[in-house]
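Take a look at the structure set out below.
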Amino acid sequence: MTFVVIFGMGLVVFLNRYAFIEPRLPLRLSSNARQFLGFAVPGMLTAICGPIVFLPNHQLDLSPSSPYLVGSLVAIVLVLLTRSTLFSMLASMAFFFVYRWWLNGA
Amino acid sequence: MSTHPALARHAFTRGAIAILPLSLAVAPWGLLAGSMAIEANLTPLEGQGLSAIVFAGAAQLVAIGMLKGGANLFSILLTTLLLTSQHLLYGLSMRPVLSDLPVRWRMGLAFLLTDEFFALVSQYDKQQFNRWYALGVGLTFYIAWNLFTLAGIVLGRNIPHLDQLGLDFSIVATFVALIAPVVRNVPTVVCVAVSLFCSVLFSYWHWETALVAAGLLGMTAGFICQKFSGARA
């Protein structure tokens, strides 16, 4: 029974992924549509990050000492300064865990 | 168009290396997907099946919770549809490069189309797009996701409070590093600000479509802003 659910979910997710890639779908993207879709990377990736940063444990945390908030700011500064995705990702994660450990210890 | 095998291998490796940081960043989610499945009394095969067949983190975690709570098939599928609706947008956005590929490639890469795949591959236009690079990105991520799920299944209940460890910051660290360099003009700033605000608000309200709704609003705001600044210039 569980496998019926799993295959059903697999099908639903695949259809979501494939629907607009199918060439027989009569659809041509206008220049406006393309400009709009140009915002997909910043728009969608930001939306994924928002709740993780501001709603840890599903409670609004806007305090300036929140490790998620400070960690994100560190990541932004690092990537703008160094231009290295990998370095700023690893360094901001290291910062996040040290800062959290320090907060919990103090 | 056939690619020279050496060039194909090179592009595949480049893709695999590019996705490596993100593959490691999802370790906590993969572990969680595996261990939660076991905790919800799914068999190891079912737990692994979710990652192998569905391959969508958020939908998997929610579905496991719903299975545990005894939800019916229809409500699980509807929730899955809503939770993964951002993939429609990714497909649409990548239609110019993916829809001309042979059917095997089209379906294969569509199956591998995740948030992370989109974050890396969508920046290439038709001339720069390399299917082997895309396959390297997608397949590496798929294998990593399934290995971490397996680890989660094996460790099962032995992982103490995995969701309390703050491991979800790894996703933020990676995505922030991908977004920040792209934010170079006013419309993109507006897009990011609106998307950020709405995603927090809608999630707070427990909308199932919170992320895609927030993303679409942010994109719309950015687009309108671009139109206005274009008209003035």
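Just so it is clear, glycine is given a Cβ too, placed from its N, Cα and C backbone atoms.
Unlike curated entries, TrEMBL annotations are predicted automatically.
For B:49-67 (among others), the entry in TrEMBL reads transmembrane segment. Within the same chain, residues 26, 29-30, 32-34, 36-37, 40, 42, 75-76, 79-80, 83-84, 87, 111-112, 114, 142, 145-146, 149 sit at least 6 positions outside the transmembrane segment (B:49-67) and bring their C-beta atoms closer than 8 Å to a C-beta of that stretch.
According to TrEMBL, the feature transmembrane segment maps to B:133-155 (among others).
Per TrEMBL, the feature transmembrane segment maps to B:161-179 (among others).
Remote same-chain partners of the transmembrane segment (B:186-205), defined as residues 6 or more beyond its termini with a Cβ less than 8 Å from a stretch Cβ, comprise 179, 211, 213-215, 217-219, 221-223, 225-226, 229. According to TrEMBL, the transmembrane segment annotation covers B:186-205 (among others).
Annotated transmembrane segment per TrEMBL: B:211-229 (among others), in sequence order.
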